[in-house]
Amino acid sequence: MFKIIKKSIEWGGRALSLETGKIARQAHGSVVVNYGDTSVLVTVVRKKKEESVDFLPLNVQFIAKSYAMGKIPGGFFKREGKPSDRETLISRVIDRSIRPLFPEGFHDEISVVCNLLTYDTVNPPEVPALIGAVAALAISGVPFHFTIAGVMVGCDENNNYILNPSVQEMKASSLDLFLSGDENSILMVESEVKELSEENVFNAIKFGHEHLKPVIKLIKEFADTIGNKPESFAPIDASDITQELEKYGKDFEKAYSQTVKQERVQALEAIRENILNTLKETGKDEKLITYAVKNFERSLVREIIRKKSVRIDGRKHDEIRQIEVEVDILSKTHGSALFTRGNTQALVVTALGTTQDEQIVDDIEGDRREHFMLHYNFPSFAVGETSAARAPGRREIGHGKLAWKAIHPVLPDKSEFPYTIRVVSEILESDGSSSMATVCGTSLALMDTGVPIKAPVAGIAMGLIKDKDEYVILSDILGDEDYLGDMDFKVAGTSEGVTALQMDMKISGISFEIVEKSLEQAKAGRLHILEKMNAVISEHSDDVKDHAPRMLSFYIDKDKISAAIGSKGKNIRSVCERSNAKIEIGDDGKVSVFATSGTEAEIAKSMMIDSITELEQGSIVDVKVVRIEKSIVELEFLNGRKGKMHISEVANEHIDSIESVLKQDDTFKALVIDFEKGGCPKLSRRRVDQETGEFFEGELYNEERKDGPNDRDNYYNNSFSRKPGGSHHKRPPRPHSGFSNRNRPKFGNNDSSSGFY
């Protein structure tokens with residue numbers, strides 16, 4: 001029933017196999033790729049183009065369902081919903097690798113679906129998914145005449161490169177590099193780097209490319225065995241129209257010389273509309289005219305740049321647009337920056353939060369928490385267009401993740417800066433390199449916020465104009481240069497090294513020479529941008545803004561964690577409610593306190609310490625009146641514990657009633673005199689100097705007792721002495737806290753203990 005064809009090799013210490021003929025046989029191309037114990041099913045389906053389509057409707061989807069990891073989806077709905085960010089990013093990597101390899105003018109609809117069948121949580125699925133996509137295209141009959149492969153590269157602590165590192169190896173790696181290419185050239189690069197030099201990054205690319213060759217050979221042998229050759233595709237012939245367009249060359253050249261984007265766009269649209277109306281009258285097809293005009297413009301601009309060494313806006317090939325930098329422009333945010341480069345502008349805003357604000361990510365490796373989030377928004381008005389607001393698309397997710405990768409290596413360790421950080425980049429204008437403007441703006445906004453980043457980060461987008469062996473590398477490309485050029489190579493980093501890379505091609509690949517020179521030229525541009533940024537702000541603020549949440553942390557004994565939390569969270573909830581703060585307790589005993597002010601944070605800290613500390617006779621505590629009876633006052637500690645005080649201990653003088661001195665909700669300092677059998681503290685107000693908060697050393701008023709034999713005698717049935725040798729009575733023994741009230745550190749004015757509800 002099945003005609004199975006399978007090819008395999010040993011690659012990177014693991015078996016890599018391609019198999020077809022058993023699964024998904026109705027697709028035009030179907031391949032199961034196994035790498036280690038990770039398996040991906042890739043299918044390709046082709047649909048003949050619609051008449052109105054004048055672009056390549058390529059749709060790439062990577063799908064990772066939870067069964068592949070042996071899990072059931074969490075939450076109320078037990079079925080997968082919209083694609084995760086990880087799925088979207090893998091889909092983009094595959095799309096960017098294969099899209100440039102389809103012939104120009106081929107507009108059939110192509111669907112590439114990569115289903116993760118099983119995942120061993122060791123071998124990431126990106127590599128087998130791309131390999132499977134290329135293999136499935138190669139056997140589908142689609143006019144796809146190039147054979148490429150993908151590879152991941154890591155770098156260990158000894159600067160040794162790792163081929164296809166495991167998930168665990170990648171966690172300790174200073175490099176996370178994914179690249180694709182054929183035997184002779186590089187096609188796509190995506191990377192996060194921990195400030196490695198351009199030389200190290202270039203060598204990593206060469207290392208990865210060298211290990212692509214066995215896989216490319218495997219795919220070719222696999223396709224040859226099946227024998228379904230790609231069909232030929234004749235390019236569109238619009239030579240007769242192109243000849244008629246020559247007379248519009250000067251008009252296009254003048255329009256493209258406009259440095260203001262809006263003026264340039266208006267001038268170009270006027271010329272195109274004139275050409276379309278003129279040639280339609282001669283009977284020419286509208287789609288053919290549009291196709292010919294596009295190619296004519298592309299050839300014209302590329303020739304001007306290559307031969308005259310002058311770019312669209314008059315800059316030299318390595319010149320950066322004018323840069324304007326502002327910080328702290330939004331008064332009530334935790335940090336903000338406005339970064340403008342030419343006609344590209346990013347408003348970047350930061351917000352600080354607690355661990356409770358972290359993003360819980362349901363990833364294929366399992367749930368994890370992200371304390372740094374970067375969200376990129378690209379509204380339609382940024383390019384002068386109208387469009388309804390919608391959820392972030394693939395492009396916005398991809399650009400945001402690239403900026404995240406650029407900034408992530410310079411963020412402080414969470415133990416140093418425990419805030420959760422959210423960054424939002426609003427692109428207000430765009431004429432190329434908006435993702436790199438986001439990188440620059442994020443670095444500025446974080447420093448304005450007071451985040452102790454290791455170094456400022458800047459980003460730049462490099463372009464390429466290539467004609468056979470001649471080429472020109474462009475720094476800080478415009479949107480039109482991206483559209484008409486051959487490469488979009490984004491490089492971000494500090495003055496010391498690279499932190500992120502992303503390279504996309506519109507041709508079938510570039511040489512190592514171009515890659516190396518692009519990295520060198522990008523470094524010069526990056527240093528120039530950093531100089532402009534550092535002139536405004538070069539170091540992080542000493543502290544977070546006044547209206548930002550205040551944070552402090554301290555440690556408690558691990559055996560006190562349960563007491564600090566309390567039964568069903570009663571203690572920590574009580575402290576949070578009373579102090580107006582947020583408190584988080586880690587498994588290691590670390591307590592993080594977040595409050596709107598430093599004073600509130602200190603109060604919460606003191607209350608938490610008090611709630612787990614032994615309360616002893618002689619302690620001076622803060623209390624509040626909660627109920628007044630005839631001769632007894634019921635008091636409450638700041639952490640919620642209750643105590644009692646007799647009328648004779650209210651004032652150092654005779655009083656007829658408690659209400660003459662105290663009323664409901666009054667607060668004061670009291671001395672712990674003794675404990676009832678049940679552990680309830682007996683308190684005294686008159687034995688504390690209310691101005692200094694210290695033990696009252698003066699003479700105490702002593703009148704003849706007028707209470708009955710079962711009143712005061714039963715309540716204060718023991719004498720109290722501050723002197724050594726005095727009769728100090730404690731409540732029933734409890735587990736020791738590690739502190740004594742006399743010797744423990746002074747955490748605040750609240751030296752009480754609680755934890756008993």
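Glycine too: its Cβ is placed from the backbone N, Cα and C atoms.
Record features (Swiss-Prot):
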- Asp482, Asp488: Mg(2+) binding site (BINDING)
- 702-714: compositional bias 'Basic and acidic residues' (COMPBIAS)
- 725-734: compositional bias 'Basic residues' (COMPBIAS)
- 549-608: domain 'KH' (DOMAIN)
- 618-686: domain 'S1 motif' (DOMAIN)
- 698-757: region 'Disordered' (REGION)
Within the same chain, the residues at least 6 apart in sequence whose Cβ is under 8 angstroms from that of Asp482 (Mg(2+) binding site) are Gly432, Ala461, Gly463, Asp488
Which residue counts does DSSP give the domain 'KH' (549-608) for helix, strand and coil? 32 helix, 17 strand, 11 coil
Report, as a single number, how many Cβ atoms besides its own are within 10 Å of the Cβ of Asp488 (Mg(2+) binding site). 22
Mean pLDDT for the domain 'S1 motif' (618-686), as a whole number? 90
Which numbers of helix, strand and coil residues does DSSP report for the domain 'S1 motif' (618-686)? 6 helix, 33 strand, 30 coil
